[in-house]
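Feature list (source: Swiss-Prot):
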DISULFID  C111-C148  disulfide bond
DISULFID  C130-C165  disulfide bond
DOMAIN    52-188  domain 'THD'
CARBOHYD  N59  N-linked glycosylation site
CARBOHYD  N110  N-linked glycosylation site
CARBOHYD  N167  N-linked glycosylation site
TOPO_DOM  1-17  topological domain 'Cytoplasmic'
TOPO_DOM  39-190  topological domain 'Extracellular'
TRANSMEM  18-38  transmembrane segment
Amino acid sequence: MEEEGSGCNVPRLPWASILRAALLLLLIGMVIYCFLCGQRFTQQQLDSTGWDLAELLLNHTESRQDPRLRWQGSPALGRSFVHGPELDNGQLRIQRTGIYRLHIQVTLTNCSSSTWTVMPRQATLTLGICSPTTHSISLLRLNFHHTCRVASQRLTPLAKGDVLCTNLTLPLLPSRNADETFFGVQLVRP
């Protein structure tokens, strides 16, 4: 037997197609939203850490009347930059309070085992906070121990306004070579 029908075709809306298109648009919108929120969160993290860091090279002057070493930082110098901290007369001034990783290496010029007989017995490199004077403290004291190079690093809390100074025993001369003499800081935790 045949079924009887009205014989009249009722136009159907393509609900399935409309529903698929709506879900696809919703999914694309959610992906774009998540991507933009992720970008904003990443940028906020970068801004909150401040990326305070510096890698400095020696600003060498021929005669050393002062034991203090002067530093310079600029991309024009090569592998040298300052982002966050500031250079103040060759010394590094901290702009944000936090825990910093300090690293330093100094190599002496014209240094060999035969020159140690005329070198000072207590040839040292000192890295410390020299300003403000109420907060002045030595952070690293490195003895050359009859070698031509010293290097060290450490984590230390620093406050906004601290000025880091490096002193080298007179009359020793540090190497100008950027691979041999450098100093840097990096904020690791605000």
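Note: Cβ is positioned from N, Cα and C throughout, glycine not excepted.
A map of Swiss-Prot features onto the structure.
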| residue | record | Cβ within 10 Å |
| --- | --- | --- |
| N59 | N-linked glycosylation site | 15 |
| N110 | N-linked glycosylation site | 9 |
| C111 | disulfide bond | 19 |
| C130 | disulfide bond | 19 |
| C148 | disulfide bond | 18 |
| C165 | disulfide bond | 21 |
| N167 | N-linked glycosylation site | 17 |
If I take the alpha carbons of N167 (N-linked glycosylation site) and C130 (disulfide bond), what is the distance between them in whole Å?
10
Reading the DSSP string in three states, the entry for N59 (N-linked glycosylation site) is coil
Looking at the recorded positions N59, C111, C148, whose Cα is closest in space to that of C165 (disulfide bond)?
N59
Mapped onto three states, the DSSP assignment of C111 (disulfide bond) reads coil
Of the recorded positions listed as N59, N110, C130, the one whose CA lies nearest the CA of C148 (disulfide bond):
N110
Alpha-carbon spacing, N110 (N-linked glycosylation site) to C130 (disulfide bond), which is rounded to whole Å:
29
Could you tell me which three-state DSSP class C165 (disulfide bond) falls into?
strand
Roughly how many Å lie between the Cα atoms of N59 (N-linked glycosylation site) and C111 (disulfide bond), rounded to a whole value?
20
C111 (disulfide bond) and C130 (disulfide bond), compared by Cα position, are separated in whole Å by 28
Secondary structure tally of the domain 'THD' (52-188) (DSSP, helix then strand then coil)
11 helix, 69 strand, 57 coil
